[in-house]
Amino acid sequence: MALLTAATRLLGAKNSSCLVLAARHASASSTNLKDVLSNLIPKEQARIKTFKQQHGKTVVGQITVDMMYGGMRGMKGLVYETSVLDPDEGIRFRGYSIPECQKMLPKAKGGEEPLPEGLFWLLVTGQMPTEEQVSWLSREWAKRAALPSHVVTMLDNFPTNLHPMSQLSAAITALNSESNFARAYAEGMNRAKYWELIYEDCMDLIAKLPCVAAKIYRNLYREGSSIGAIDSRLDWSHNFTNMLGYTDPQFTELMRLYLTIHSDHEGGNVSAHTSHLVGSALSDPYLSFAAAMNGLAGPLHGLANQEVLVWLTQLQKEVGKDVSDEKLRDYIWNTLNSGRVVPGYGHAVLRKTDPRYSCQREFALKHLPKDPMFKLVAQLYKIVPNILLEQGKAKNPWPNVDAHSGVLLQYYGMTEMNYYTVLFGVSRALGVLAQLIWSRALGFPLERPKSMSTDGLMKFVDSK
């Protein structure tokens, strides 16, 4: 038990994480994120070195044949510092729950939702930032946001039938021309300095992503109209919504919430694991994140909210917009009895309602309580879990984040469902790139697990 507790400390539980304590003692007045990191990293390197010396041979868990054939589900095999997924409480960012982040992270003047800049600071340092630190990040990203001309030209020349995620991945890969890390590595550099150049690349990439994403949106859906210029007085999300062409302050608030809650979800999901794996080869952040986006583009990872909207639209066509609970129950049972699933319900890890769903529901109750699509989502929330429990197949009958996000985007006029995964990708950069900085700071090696063939596995089992 003591060893498990020690492992939990390493992974960042709020009440025991030395990293959080160190962060709170690290130049709390500094608004320069790199300076704060420079203070934190040697302490964390020493802490982990001692931990490995004392417990390096400790067995953390067992691996079963089912795990090997089942996508390594539940297998403990990664160290990922920025977030931990609790089956009952949901995601914790450096130990803080989503409700705690909503309450404690700085907000825009007159706003009610957390600023994603603040979450990035928290993910990188383990420390709740001040308003001044968040403002520094907003200005810093605004300074770094300009796109090189070759990337603009490439985006402008993509065919309109090229999927938005393909465009995003290609543009991020092309931004590799700007990599500080790749240049320094080619010239020969001390590995102790890796994290510093990775940090610079991650900051540049996060700054440029809204410009790339907005350009893709304008080219595909707004006849190639200009995204305009970055305003250094505005926060990251506000600049993003301006470049997309949306001026409703409520949509900007939604984007702040969306970009915050989709940012990170532990290290085992496809996009997070991909960036970690590719980064372990010392590929620069642009190449690592582009690979992550190719994983996110897969229908089993990043297309779930799109599938929810398609299903909701089909439901409305078949039973009408003002459907009774009884008719809705019949429709859901017909869906399940035909071998299909109710999209947006269930999760690989969670065993309660996804807190990311809950905070979006609260946003909708506040801003769009009479919207027909939201009312349908709320009605499903009341009915579906009980049916899934009655059916007896689902381990988790509760809604996840994807059951709600598309409805909110549709309400504010963003109806282009093929684009939704791009928004997800912009958000996910905050988490996986924060971790990438720490992966290089802590000297994580090339990832190289052992594989086995089915014949080899059978022989191994027979020998037991």
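Every residue, even glycine, has its Cβ placed from backbone N, Cα and C.
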Pick from LYS208, LYS215, LYS375: which one does Swiss-Prot list as N6-acetyllysine?
LYS375
Ranges 2-21, 282-301: which does Swiss-Prot label motif 'SIFI-degron'?
2-21
Of the residues LYS143, LYS459, give the one that Swiss-Prot describes as N6-succinyllysine.
LYS459
Which residue from LYS317, LYS450 is recorded in Swiss-Prot as N6-succinyllysine?
LYS450
Of LYS327, LYS370, which does Swiss-Prot mark as N6-acetyllysine?
LYS327
Check the DSSP secondary structure of HIS347 (active site), expressed as helix, strand or coil.
coil
For the recorded positions LYS57, LYS76, HIS347, work out the Cβ neighbour count at 10 Å and name the residue with the minimum.
LYS57
I'd like to know which of the recorded positions HIS301, LYS321 has the most other Cβ atoms within 10 Å of its Cβ.
HIS301
